[in-house]
Amino acid sequence: MSLPFYQRLHQHYDSSYRNKDLRTTMSHYQQEKKSSAIYTHGSTAYSSRSSAAHRQESEAFSQASAASYQQQASRATASTHASAASRKTASAYDYGYSHGLTDSSLMLEDYSSKLSPQPKRAKKSLLSGEEKENLPSDYMVPIFSGRQVHVSGITDTEEERIKEAAAYIAQRNLLASEEGITASKQSTASRQSTASKQSAVSKQSAVSKHSTASKESVVSKHSAVSKRSTASQESTSSLHQEEAFEKKSRKVAIREKAERLSLTKTLEETEAFHRKLNEDHLLHAPEFVIKPRSHTVWEKENVKLHCSVSGWPEPRVTWYKNQVPINVHANPGKYIIESRYGMHTLEINACNFEDTAQYRASAMNVKGELSAYASVVVKRYKGEFDETRFHAGVSTLPLSFAVTPYGYASKFEIHFDDKFDVSFGREGETMSLGCRVVITPEIKHFQPEIQWYRNGAPVSPSKWVQTHWSGDRATLTFSHLNKEDEGLYTIRVRMGEYYEQYSAYVFVRDADAEIEGAPAAPLDVMCLDANKDYIIISWKQPAVDGGSPILGYFIDKCEVGTDSWSQCNDTPVKFARFPVTGLIEGRSYIFRVRAVNKTGIGLPSRVSEPVAALDPAEKARLKSRPSAPWTGQIIVTEEEPSEGIVPGPPTDLSVTEATRSYVVLSWKPPGQRGHEGILYFVEKCDAETENWQRVNTELPVKSPRFALFDLAEGKSYRFRVRCSNSAGVGEPSEATEVTVVGDKLDIPKAPGKIIPSRNTDTSVVVSWEESKDAKELVGYYIESSVVGSGKWEPCNNNPVKGPRFTCHGLATGQSYIFRVRAVNAAGLSEYSQDSEAIEVKAAIAAPSPPYDITCLESCRDSMVLGWKQPDKSGGAEITGYYVNYREVIDGVPGRWREANIKAVSDEAYKISNLKENMVYQFQVAAMNIAGLGVPSAVSACFKCEEWTIAVPGPPHSVKCSEVRKTSLVLQWRPPIHSGRTPVTGYFVDLKEASAKDDQWRGLNEAAIKNTYLRVQGLKEGASYVFRVRAINQAGVGKPSDLAGPVVAETRPGTKEVVVNVDDDGVISLNFECDQMTPNSQFNWSKDYVSTEGSSRLDVESKGNKTKMTFKDLGTEDIGIYSCDVTDTDGIASSYLIDEDELKRLLALSQEHKFPIVPVKSELAVEILEKGQVRFWMQAEKLSANTKVTYIFNDKEIFEGPKYKMHVDRNTGIIEMFMEKLQDEDEGTYTFQLQDGKAVGHSTLVLIGDVYKKLQKEAEFQRQEWIRKQGPHFAEYLSWEVTGECNVLLKCKVANIKKETHIVWYKDEREISVDEKHDFKDGICTLLITEFSKKDAGIYEVILKDDRGKDKSRLKLVDEAFKELMTEVCKTIALSATDLKIQSTAEGIRLYSFVTYYLDDLKVNWSHNGTAIKYTDRVKSGVTGEQIWLQINEPTPNDKGKYVMELFDGKTGHQKTVDLSGQAYDEAFAEFQRLKQAAIAEKNRARVLGGLPDVVTIQEGKALNLTCIVWGDPTPEVSWLKNEKPLVTDDHCSVKFEAGKTAYFTISGRRRQGRPLSSPRKATRSPSDGRPLRVCAGAAALSCLELLVCKWLE
């Protein structure tokens, strides 16, 4: 297959970039390939026809194809049909090539003779005129095309690619010349030839052949070849030539096949290398061109979601419903998913209410994944539904019948729980931002739209950042933090027309520098401009310079798909923009920047996004058009298609950017340019002269923009541009205005008036006056310093815009000063003046409004109100509340009045002097030292009337605390109105926040008297609401206001109350809080009643820690102890002391008062190597004063000959050793420890069977030690099967010497071993080759020397032998080679080789899954190590899959071969050939015998030679003398009788006679006295001739 379009564009985009000769040759080859591909598939049939008939068919086919293509090209779907035709043609060509079909047109002629001096002409396009008008006229893509064998090799430079292609052409020409075949490309030719000339047949030409009458033509399998002949040649010579030609053709065919296989292998390896090398060059992640659109439909309608995705490789699109993949097979007919021509469709049939959901289209390829979302809302018509009003998904209901797109609720409430706070990270780390989203009411199967923003810009998923939505929690994850990620992050949750958002800042600190004092990494590296000749890179300067000014920046580039970085500039550049040149057109690059100061070079920045070295116009065309050649139309030109036209001058030349390092020019291409591409030459001159110099003499500019370097700073220049093409160089453009080389952008001035102000206890708001007259301002860097330290730290690492910034991460209570400086591309400004010092402390603000105002009691002229305290206290304690009320008459509210002049401290208040039966509304405002807060929302209307109900009123001040993932504590206050009788208890109800009102469930069946309840069994992550009802003798009263919603979860950093018992046995409860504010306090309570003033407890708090100590813990202290932290987000924890816990704590206190020595390991016993007995134990810790007492049967024992004691105080191990266990040592052993006032002991009982077993083990170990004093076996005898299918008996020996002997036995008979063991590796082996049943038995090996002996036995009988044989057979089966196919004269043989064969190895053959029944025609057998299946006289029924199964006794091992298709055809053809050859060999004429080797006769004597010949048909016999036919006469005669016997008779020797064959020595005269020797023998026989040669010596 040829190179894909995008790689051809990438590697060979510009025609001037290739060698001209090679381009012309490859163009010829492309044309030849296009024509040859049509006929390759049918080359077999072609070979049997005449060339004239084939030429007529070719012309007819070409005309039909051209007409068909023109008709298709005029249609709207032309590109699709043309692509399909191209694929079919290429497939036909590839099929012919892969099946070995060759043709003369596949050979390539010498390209040197095809270079034409004529001007280039426009070549015909395959597109119609209408399609050409729709394409850009200047979009010409030169293609480097070729067959598979012409894919470029592994080369790095264009010169190497040219040499490689030329070498391949030379190789093909060499092959063509060897075979006597010439390929021609001429369109029409008529050639005359003589009798001595050669006639060649071409696929593409019509050739008239003329030859003489004596000329004979032989047509080969693939080409028509005329062989030289003469008029005098006889018929027998013709037969000789035909035989020689057949032999030569077979030889050539074999050579061609071998070369083709070699070239195919090289091609595959080269293609595989290029795939690995270039797979990432132009790959890009999926991108939605058209996103799916949300729909609102009626029930029973159909809806379609469409999307279009681009990307390479082509992305795979998967559809999801509420994050669950859609399975079209689970609901047949419900969903239809289609993907056609890049358009992906999801159709939902007969929508119902359950189809209301969020649908996601996920596009994925190797570069990443991208999703697009759409919502489908199915509306339900509440009236009578008329199905006839819905036709093909179109509603015909009246316009008045409509609901809102999100018709389930008039308003959505969106809350954020577990919100992410201001976060700090470091470059290279990972970070995750997330929060839980609670939406009420909740709509089933419908998800909100989640969008993340950074500094107001949407955040898209990439390799740096990923988003996730789990259904109730949104997460933003950074896989590798960079300073570019710093900013204000906002999550916006949209539900229909309603949305809520939450924001927090993320700070990213610099990574640690590799070189101390080196500057930090730059950031925001991006491409400002890109074309064929350069790419302008910009970046932002870092905030940290490492302590010394930054001298400049180095820019590095890396080609996409490689890991090789190269530096673009030799000297550092100070300006934060730089044009990178020296790029290869069409290739993609990534960039990074490093800062440098006098200390060294800092870390590199984050790499930029990939950018291609292409003009923006080319990028737009590539983006607007399909990225693969089969999805659209592309104009392909191999050479410039127009005649030479000198281009005109460029226009609108201007200087777009000028710095001290470079100048960028820009212009427009000329109007007069022809149709071929143009290049540009840039010229410069000093402003005061007209001496123009060409800047780019070596490499012309390809784009209408150019960057000039190496200009003298401060000097004035003018510039102009010329165009050029193959016709010549055009006139120059108008010169630019005088340009002075230098930075046109000034460094901004320092900001002024730095004013800090308090924000929170860890942050300060800094504001300033912006820099005046600042151009291209990037932003500001803010730094802070602790007063008096002299050390400045950056507050932000990403420049911020605007005159205000909040500096986070400051130490509470510290005093700081701040400074600011501005930054643009020219550099960083001077620092501003230092601000005034400010102490980091939370700013005090008025509290937020109270909420949930309710009426707790009502009388004739008074009402008691209750409310919930504000969520935010404003940084100070709430000092009181003010209540306002107003009358409501007939729904019209009056003016507000104050209910209290003095603030009330409780969350309830009784308002007196009200009018009976009057309706009132209320407001409540909270107050702290900062002032009065905003009043609450207006309450509901309450009527002032006497409550005569007997049941109690609602409890109030219901709140949740100690929230964990499965539990929380609910607290409340008793109702103000108790009813007619006192309150006797409470009932607590709960439900999920999204549940309906009929789903309340009670938590307690019986009323509880406490005003608190620990709620257990909550579902983690679920949101709940609670209510409380009071009960008296009259019944259950109204429920309280709802508490919540609250999410059941344990927040990060949550800590619990911890109980502690110190060394003196004092019991205390301890709590620590890391989230305290300066105004926070610890409040301890027992059973949720304050313990302040308790005589049984002492409380001590310091910093963020508090401790409550029990003076004398007893039963009266049983209860729940809780600690609340004020001015926090509900931080609290509790600890339950019940009866069991009380006992545990008292016991623990007792242990601490009266400690024991902790024991890590109790007393144990073990047997050592020589049979010694070791008693040991281990204590946790032993001091130097520890004393150990050893006791046996209640008597202390001491160290002596029998007992050895040892104490290791470092490890705490205590040991006692005994040499031998005797009967009197049975009993109880105890180790007693004493360390100060701490004591401890451990006891071990050794009596009865336990002691006897220990004593026996000790004696065994003692004997083993004695055995090991001489030669012995470290590992006893075992077996293994080697890879050669032999059995190896082996054992490992130890403690041996030279005199040690080893003897092997089988069945008590010594085995003689050829080799003597050297024992170097300690392994003794006995190898049994070709193991079989005769080798079964009992094997024994004995080691012996003067120190003793040892033996080891191995039984290989019965089951053990079967197990070994199974393993041997398994190894043999695994050694079997793959099945091969061999053709013989009798038929086809399938065979496999094994290491060796055993009868225990069962062999089974099957054909197409059916066991083979063996007959005289199909046989199976084993010959040596070959296992074969012979199929005699094969038929088509023998085609199929053959399986050879080798069964080792447990497992079957299979080898498979497919005898069908080409494999069967080739095997059957070879069988036929061998069969015919065997028959020919059987019937071949030959001499069977009769002629002697040497005959010696005397001169004048007669000689009679007789030989027997055989052949079918009867052969002709010829006698030769000296390689010439023998002429018979009276002296020499020949005779052939009965077709079997040939006679040769010499009547007597004549003096003039000569040897019958070439003489080895000169013939002597009779006077020499030596006899004459005649050597006779039979030469080889052809099918028609018998040659007999004789030598006379």
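The backbone N, Cα and C atoms fix where each Cβ goes, glycine too.
Residues or ranges marked as region 'Disordered' in TrEMBL: 47-66 (among others).
What TrEMBL lists as region 'Disordered' is 183-249 (among others).
What TrEMBL lists as compositional bias 'Low complexity' is 192-211.
Feature annotation from TrEMBL assigns compositional bias 'Polar residues' to 226-239.
Residues or ranges marked as compositional bias 'Basic and acidic residues' in TrEMBL: 240-249.
Residues or ranges marked as domain 'Ig-like' in TrEMBL: 286-377 (among others). For the domain 'Ig-like' (286-377), the mean pLDDT of the prediction comes to 89.
The domain 'Ig-like' feature in TrEMBL is assigned to 405-507 (among others).
Counting residue by residue with DSSP, the domain 'Fibronectin type-III' (521-616) contains 1 helix, 42 strand, 53 coil. Summarising the annotation, TrEMBL assigns domain 'Fibronectin type-III' to 521-616 (among others).
Sequence annotations record features per position, and here TrEMBL assigns domain 'Fibronectin type-III' to 649-743 (among others).
Residue counts for the domain 'Fibronectin type-III' (750-843) under DSSP (helix as H, G, I; strand as E, B; rest coil) come to 0 helix, 48 strand, 46 coil. Taken from TrEMBL, the feature domain 'Fibronectin type-III' covers 750-843 (among others).
What TrEMBL records for 849-947 (among others) is domain 'Fibronectin type-III'.
The domain 'Fibronectin type-III' annotation in TrEMBL covers 954-1053 (among others).
Summarising the annotation, TrEMBL assigns domain 'Ig-like' to 1045-1143 (among others). In terms of DSSP helix, strand and coil, the domain 'Ig-like' (1045-1143) has 8 helix, 45 strand, 46 coil.
Taken from TrEMBL, the feature domain 'Ig-like' applies to 1271-1357 (among others).
Secondary structure counts, DSSP: the domain 'Ig-like' (1497-1522) has 0 helix, 11 strand, 15 coil. Annotation comment: TrEMBL describes 1497-1522 (among others) as domain 'Ig-like'.
The annotation region 'Disordered' is assigned in TrEMBL to 1549-1569 (among others).
According to DSSP, the domain 'Fibronectin type-III' (649-743) comprises 0 helix, 43 strand, 52 coil. Broken down with DSSP, the domain 'Ig-like' (286-377) shows 3 helix, 58 strand, 31 coil. Most Cβ pairs within less than 8 Å of the domain 'Fibronectin type-III' (521-616), among stretches 286-377, 405-507, 849-947, belong to 405-507. For the domain 'Fibronectin type-III' (750-843), the partner stretch with the highest count of Cβ pairs under 8 angstroms, out of 405-507, 649-743, 849-947, 954-1053, is 405-507. Broken down by DSSP into helix, strand and coil, the domain 'Ig-like' (405-507) contains 3 helix, 57 strand, 43 coil. Here the domain 'Ig-like' (1271-1357) has, by DSSP, the following mix of helix, strand and coil residues: 3 helix, 51 strand, 33 coil.
Using DSSP to sort the residues of the domain 'Fibronectin type-III' (849-947) gives these counts of helix, strand and coil: 0 helix, 47 strand, 52 coil.
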